[in-house]
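Novice: Quick one: structure below, then a few questions.
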Amino acid sequence: MDDNLSGEEEDYYYSSDQESLNGIDNDESVSIPVSSRSNTVKVITKESLLAAQREDLRRVMELLSVKEHHARTLLIHYRWDVEKLFAVLVEKGKDSLFSGAGVTLLENQSCDSSVSGSSSMMSCDICVEDVPGYQLTRMDCGHSFCNNCWTGHFTVKINEGQSKRIICMAHKCNAICDEDVVRALVSKSQPDLAEKFDRFLLESYIEDNKMVKWCPSTPHCGNAIRVEDDELCEVECSCGLQFCFSCSSQAHSPCSCVMWELWRKKCFDESETVNWITVHTKPCPKCHKPVEKNGGCNLVTCLCRQSFCWLCGEATGRDHTWARISGHSCGRFQEDKEKQMERAKRDLKRYMHYHNRYKAHIDSSKLEAKLSNNISKKVSISEKRELQLKDFSWATNGLHRLFRSRRVLSYSYPFAFYMFGDELFKDEMSSEEREIKQNLFEDQQQQLEANVEKLSKFLEEPFDQFADDKVMQIRIQVINLSVAVDTLCENMYECIENDLLGSLQLGIHNITPYRSNGIERASDFYSSQNSKEAVGQSSDCGWTSRLDQALESGKSEDTSCSSGKRARIDESYRNSQTTLLDLNLPAEAIERK
């Protein structure tokens, strides 16, 4: 124990050990609270889905002075991107905005969609029958048809899954039908279909919105997640599931989404099984089934009773001596087969190298998850002892830092497998450049791995049984290592983003930025709305005055909003307490089966 705690023998990767000790007497120096700024990730439940949708509808309705179904049509067309909708309005004008989305507004339009309140007979251009005027319905585009034809048209479109954009029946008319009219006509004959129509419109806020996605939990929790800033992020739903918002897979940074999808398939499909069969077996020349040699003799007999030479794979007779095999002599060296076999062996060995280390850290994470209860017990016992040290938050902070850094370390191996292999970037880097980058990355990875293991070791120490001096030494080591692994994780991400992926021509391999506080937990949408109303801040980000000027002048305006995304409202978190780091275990450790 004393050897492990010797400061002279430990060589931690940190720019200045003394700097990390300056605040030792104050545990706030290592307590890493969740950021006090407004939460940028919201969880939308079934109850708050309608409120979330109405928030965007209200903004468009107020700024454009249009009905709700017109605002919905515009938002669906622009995938519920309010800022993009406003930008098109400023750049191209109101007419272009409406025509592109299929919205038609008639001057002096009556609120009543019926053609006439009288019983005078009028002809329907679809069924070519004369019906009373009150049985004809006119849409915003001015086209009118009988209610039976409209109802049949709406029924077909809803059943075909086109509820979000039901266009007028008139020839070459692309106007979107009024959802109130659709609902009113369909509900008279098929109330269930009307409910289906409303459900499609409601879920459009999630299905068509790139900033909102369903939680991929199984069984489904019923929640959706909305992000305010960048869709390239990792989030945690209120149900506890952590996932990548970009691809809806488990959180996998520093792997890109493409890398993780390839790795996941490689681990679960039969690709490596095929490699093993290629390396360790040979096909029978008669039945073509793979045969594994279980002895030293090169004359092999398949279950189908066919004998063949193990060296070249050619069929032979069954008799042989030490000098020759009956009916066979090996031919010339076949270079292609040998190269193929050697390549398969090399690829299998390389895959097993990265997979074994990835799996080892995943297994370590599962074992370290049990440390949470042990740490709590040791802290509880230590607080009851008469020790000089009264605050043991350093142990909890160190445990959370261990979980976070172990997750990063686990997924760094799949990243390295594809980054320095031939599958993705063979033509992007020369062999010399690949070697330099690989050495740079592996140095970072090795330093992180060494410090993570040291941190894990010190947290497992029974400090609840030690005297004051040893507890203080463990505390210093845990604090130093917590700072060190956080710095190393940040450096690794910077290395990946700038030195590795940043120099490549392909821009599809983006990674989620490193968050020292861990994966962001989604806050409730209702609470954020209440906070917004309490603060009384506008979420229009300056668009209102600019749009008024654009609509009045009718000219395009080259301006930009101070926020490229939805505006955020700062919250004080007055009723919340300062919390510690997120308990970010690898997804395998928290995956619901």
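Every residue, even glycine, has its Cβ placed from backbone N, Cα and C.
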Novice: Which one of these stretches, 284-312, 400-428, shows up in Swiss-Prot as zinc finger?
Specialist: 284-312
Novice: Tell me which of 124-173, 474-523 corresponds to the zinc finger entry in Swiss-Prot.
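Specialist: The listed stretch tagged zinc finger in Swiss-Prot is 124-173.
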Novice: Within its own chain, what residues at least 6 apart in sequence put their Cβ under 8 Å from the Cβ of Cys304 (Zn(2+) 5 binding site), listed in sequence order?
Specialist: Cys284, Lys286, Cys287, Lys289
Novice: Round to the nearest Å and give the CA-to-CA distance linking Cys168 (Zn(2+) 2 binding site) with Cys302 (Zn(2+) 5 binding site).
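Specialist: Here the two Cα atoms are 70 Å apart.
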Novice: Rank aside, I only need the closest one: which of the binding-site residues Cys124, Cys141, Cys146, Cys173, Cys247 has its C-alpha nearest to that of Cys237 (Zn(2+) 3 binding site)?
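Specialist: When the Cα distances are compared, Cys247 comes out closest.
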Novice: Looking at the binding-site residues Cys141, Cys146, Cys149, which has the shortest Cα distance to Cys257 (Zn(2+) 4 binding site)?
Specialist: Cys141
Novice: I need the CA-to-CA distance for Cys149 (Zn(2+) 1 binding site) versus Cys221 (Zn(2+) 3 binding site), whole Å please.
Specialist: 40
Novice: Find, among the binding-site residues listed as His143, His252, the one whose Cβ has the highest number of other Cβ atoms within 10 Å in the structure shown.
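Specialist: When each Cβ's neighbours within 10 Å are tallied, His252 leads.
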Novice: Take the Cβ of Cys312 (Zn(2+) 6 binding site) and count every other Cβ within 10 Å, whichever protein chain it belongs to.
Specialist: 17
